[in-house]
Amino acid sequence: MARQPCRFPQARNPERGSGVFRLTVRNSMAHLDSEVKEECLREDLKFYFMNPCEKYRARHQIPWKLGLQILKIVMVTAQLVRFGLSNQLVVAFKEDNTVAFKHLFLKGYSGIDEDDYSCSVYTQEDAYESIFFAINQYHRLKDITLGTLGYGENEDHRIGLKVCKQHYKKGTTFPSNETLSIDSNIEIDCVHLDLEAFSRNPQDWKNSSFFRLDFYRLLKVEISFQLKGIDLQTIHYRELPDCYVFQNTITFDNKAHSGKIKIYFDSDANIEECKDLNILGSTQKNTEYVLVFDAFVIVICLASLILCTRSIVLALRLRKRFLNFFLEKYKRRVCDADRWEFINGWYVLVIISDLMTIIGSILKMEIKAKNLTNYDLCSILLGTSTLFVWVGVIRYLGYFQAYNVLILTMQASLPKVLRFCACAGMIYLGYTFCGWIVLGPYHDKFQNLNTVAECLFSLVNGDDMFATFAQIQQKSVLVWLFSRLYLYSFISLFIYMILSLFIALITDSYDTIKKFQQNGFPETDLQEFLKECSSKGQYQNESSSFLSCICCLRRKGSSDHLMLIN
C-alpha cells in the first residue's frame with residue numbers, strides 16, 4: 001500500500017512558518033529514513049535465518065552451498081574409501097612382516113605373544129641358543145625367507161648386526177649367605193657383526209669374550225639390525241609399490257633377575273621412496289586418474305571454504321548493524337545469546353573440515369606420487385574431515401522439527417552434563433588410584449593407571465564383570481576382601497546412581513525440548529524484533545528458521561542457560 005504524502009497547514013507568519021515547515025519536513029524525512037532502515041534490517045535478518053528452501057521460495061535464490069555440500073560429501077567419502085583400502089594394504093604388509101620376523105629370529109616362538117613380550121627363556125643354555133639363533137638367522141636370511149627382503153644399513157651406514165649388552169660394572173652375589181656386593185653403575189658394551197665377519201669366521205664370533213655373559217650382573221642384551229623390503233601386492237590393485245625399511249630390535253630383558261628372561265621383538269617400519277620404479281602396464285595411468293580426482297576434491301573443498309567464509313563475514317556485518325540499531329533505538333545492549341545467533345557453528349565446522357580435507361588431499365597426492373610416506377598424518381586429517389562432513393549433515397535434518405530434537409537435546413543438556421561429569425570424574429579418579437595401588441600386585445588389569453581406567457570404564461558399561469572378580473589372586477585374605485568391597489561399591493555407585501543421574505539429565509532436557517516444541521519456544525529480543533514486521537504474509541514459516549534461547553529472558557532463580565540454535 002502506497003504511503004500517503006504528508007500535508008502541513010500554511011503559516012501566517014512567512015518567516016516563522018517557513019522555519020517550522022523546514023523543521024517539520026526534516027523531522028519527517030528523518031523518521032521516514034529510520035523506518036526504511038529498520039524495515040531493511042528486519043528483512044535482511046529474516047532472510048539470513050531462513051533455510052535454503054525458504055530462501056529459494058522468497059527470492060528464488062539457488063542454494064549453491066547446499067548443492068556444493070552434497071557434492072562434497074560424495075567426493076570426500078569416495079576419496080576416503082579409496083585411501084582406506086590402500087592404507088589397509090600398508091597395515092597388513094607391516095603386520096605380516098612383523099609376524100614373519102618373529103618366526104624367523106626368535107627360537108621356539110609359538111606364534112602367540114606372552115603378555116606384552118614375545119617369549120621367554122629360563123636357563124643359561126636357552127639364553128645363549130636364542131641369541132646365537134637370531135644372529136645365524138640374520139646371516140642365512142636370503143636362503144630362508146619367503147619375502148622380498150634384503151639387508152639394510154644401520155645408523156653407522158654399515159650392513160650387519162649390532163649387539164649390545166648392559167650390565168652392572170662389577171659385583172658378587174652369594175644368595176645362600178644373603179650377601180651382595182655390587183657396583184650400581186651400568187656399563188654398555190657393543191659389537192658389530194657384518195657379513196664379512198660371518199663369511200671369514202662362521203663360528204669364531206661365538207667364542208669371543210663378548211658373549212661370555214655374567215647373568216647375575218646382566219641387565220639386558222639387545223640385537224638390532226635393518227632389513228629392506230618391497231610391497232608388491234599393491235601392483236595387483238594398480239598402485240605403485242612402496243619400499244620399506246624395517247628397524248628390528250630383539251631385547252633379552254633380565255632386569256628383574258627373577259630367573260626368567262623376557263624376549264621382546266620390536267619392528268619399526270618406515271616407508272621410503274623407491275629409487276627406481278619400472279612397471280609396465282596400466283598402473284601409472286591409474287595413478288594419474290587418482291591424482292586428478294584428488295585435485296578435483298581440493299577444488300570442491302576450496303569453493304566450499306570460500307562460500308562459508310563469505311557467509312560468516314556477511315553475518316558479522318549484519319550483526320553489527322543489528323547491534324548498533326538496537327542500541328540506538330532501545331538504548332540497551334543485546335544479550336549474548338542473540339549475539340551468538342549470528343555465528344553459525346555449522347559454517348565453522350565446514351571450514352575446519354575443508355581445511356583438513358585440502359591438507360589431507362595434498363598429502364595423499366604426494367603419497368600417491370611416492371614423494372611422501374606419512375600415512376598416519378594423512379589418515380588423521382582425512383578421517384577427521386570426513387567425520388565432520390557427515391556430522392554436518394545433521395544441520396539439514398534439523399530443518400525438520402521431528403529430526404531437530406537430537407540437536408536441541410544435545411545443546412540443552414551439554415552444560416549440565418559437563419558439570420555433572422566434572423564431579424563424577426573426581427570419584428572416578430579416586431577409585432582409579434585406589435585400585436592401582438592396592439590391587440595392582442594381585443590383578444593384571446590393575447597393574448598400571450591406564451589399564452585401571454580402562455577396566456573401570458568397562459565395568460561401568462557392564463563388560464567383563466565376572467572375569468574381573470575371578471582373576472583376583474587370593475594370596476592375601478585382606479586384599480581379597482578389600483577387592484570385593486572395592487568392586488561392589490564402584491559398580492553400585494556408578495551403574496545404579498551416577499549413570500542413572502546422567503541419563504536423567506538428558507531425559508529432562510529432552511522433555512523440556514518436547515514441551516517447547518508443543519507450546520512454543522521463549523522469544524528473545526531478536527525474535528521479537530523480527531515479529532514487528534508490517535508484511536508478515538510476505539514470507540512463510542520465518543519464525544521456525546531459528547530457535548530461541550532461555551538466557552535472554554533474564555529469568556531469576558535459575559542458573560541454567562538453555563541455548564537453542566537451529
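Cβ coordinates are placed from backbone N, Cα and C, and glycine is handled just like the others.
Taken straight from TrEMBL:
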DOMAIN    90-275  domain 'Mucolipin extracytosolic'
DOMAIN    378-513  domain 'Polycystin cation channel PKD1/PKD2'
TRANSMEM  289-318  transmembrane segment
TRANSMEM  339-359  transmembrane segment
TRANSMEM  379-397  transmembrane segment
TRANSMEM  417-439  transmembrane segment
TRANSMEM  485-506  transmembrane segment
| Best-contacting stretch, by C-beta pairs under 8 Å, relative to the transmembrane segment (339-359) and drawn from 289-318, 379-397, 417-439, 485-506 | 289-318
| said: How about long-range neighbours of the transmembrane segment (485-506): same chain, 6 or more residues beyond its ends, C-beta under 8 Å? | reply: 409, 413, 416-417, 420-421, 424, 427-428, 431, 434-435, 438-439, 456, 459-460, 462, 465, 468-469
| For the domain 'Mucolipin extracytosolic' (90-275), what's the model's average pLDDT? | 83
| query | With DSSP helix as H/G/I and strand as E/B, how many residues of the domain 'Polycystin cation channel PKD1/PKD2' (378-513) fall in helix, strand and coil? | reply | 115 helix, 0 strand, 21 coil
